[in-house]
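The domain 'Acyl-CoA dehydrogenase/oxidase N-terminal' annotation in TrEMBL covers 9-117. Residues annotated as domain 'Acyl-CoA oxidase/dehydrogenase middle' in TrEMBL: 121-217. The domain 'Acyl-CoA dehydrogenase/oxidase C-terminal' annotation in TrEMBL covers 231-378.
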Amino acid sequence: MIRDPEMLDQLLSTIRDFVKNELVPLEHEVEENNAIPEHIVEQMKELGLFGLTIPEEYGGLGITMEEEILVAMELGRTSAAFRSLIGTNNGIGSSGIVIDGTEEQKQKYLPRYATGEIIGSFCLTEPDSGSDAASLKTNAVKDGDYYVLNGTKRFITNAPRATTFTVMARTNPEIKGASGISAFLVEAGTPGLSLGKIDKKMGQHGSYTCDVIFDNCWVHKDQLIGGVEGVGFKTAMRVLDKGRLHIAGYSVGMAERMLEDALNYAVERKQFGQAIANFQLIQGMLADSKAEIYAAKCMVLDAARLRDAGQNVTTEASCAKMFATEMCGRVADRCLQIHGGAGYISEYSIERFYRDVRLFRLYEGTTQIQQIIIAREMIKQATA
Ligand code: COS
């Protein structure tokens, strides 16, 4: 749903200019230094980029899902680290509170997510619990007005900069599955919470992940999201339904950027006495990529509109995430191929993007998990 087309156009054109003029020129530096310059973080705050999805009554822009997808497509046109920095505040780091938080929790945290004063993170994955999220072992034992948390969370995006951690932990050890899990909002600096060393990753340099360790970490019961035990897994799944749509839109933007770079290269690069873009085998790769990007764009926008209309989009979010991220991987591969040997050299952005986009098919649920979700929903409906 687009609320005000004129205002949205303004927002998109501001972000487009910011990406083109400020972020794209810094891509190489961010890759080399593995860090986003602080002045860019400040500019992002000034532009309101940390609060795009935070509801207006809590100081954000309250953009709809369809609007968020259009923004994600713009942000996809540069290095993944930039989006990753604002991604948790607009997505998995704040969504738990937005979707299921109490009014007090919303008032306490959302305005500060919106300004970027605090950075959120989402702690679901553990060393022994990845795709099988409901098997998580981090526990939270009630003791008076507090819960005592113990366990380790892994690969947590933005954890090294985070001020808050949305933590899924088992409050009922008797229940091994999903309904024994609750969600907490834990603040950085809480005694017993510590961070592991920053992970060395294949790509997405400038975006940080690390372990988050809870060792007898006492968390007040007011930090239980929604104030209700046993529904944390469902909160996490609802957060991921939305997050998966966002990643799908973002993959479309990234694929568009890679294809644009490859097209420019193909038009300029001469072999056998002419531009390689004239060769039909190159044209095949360009055309397949264009068509697949278009298909993914239509799919994710449709799913976003359904979510804005209040429909359950578990199936559509997984379809969009699976198709768009796999599409993005194929486009990255073709675009590198079009560059020939130059594509393997870090001077060209495709070498970096190729590594960056590999993560899309893994995080927020692997392609195989999306397949399971889609098929299960189909079977559920067929047998209802
Ligand atoms: N929205 C709301 N509720 C949901 C839901 C959704 N999208 N998906 C599942 N649930 C509910 C189910 O309805 C069920 O509730 P009931 O017990 O009341 O029926 C409960 O949650 C458990 O669901 P389910 O039985 O499907 O859980 P499973 O353990 O079988 O697995 C998958 C669910 C595989 C889908 C889940 O573990 C998953 O998404 N794994 C990937 C995790 C992931 O994406 N990690 C990335 C890290 S975050 S970057």
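A Cβ is built for glycine as well, from the same backbone N, Cα and C atoms used for every other residue.
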Averaged pLDDT, computed only over the residues in the domain 'Acyl-CoA dehydrogenase/oxidase N-terminal' (9-117): 97
The domain 'Acyl-CoA dehydrogenase/oxidase N-terminal' (9-117) - residue tally per DSSP class, helix then strand then coil: 81 helix, 0 strand, 28 coil
DSSP-assigned states of the domain 'Acyl-CoA oxidase/dehydrogenase middle' (121-217) in counts, ordered helix, strand, coil: 9 helix, 48 strand, 40 coil
For the domain 'Acyl-CoA dehydrogenase/oxidase C-terminal' (231-378), the number of residues DSSP places in helix, strand and coil: 125 helix, 4 strand, 19 coil
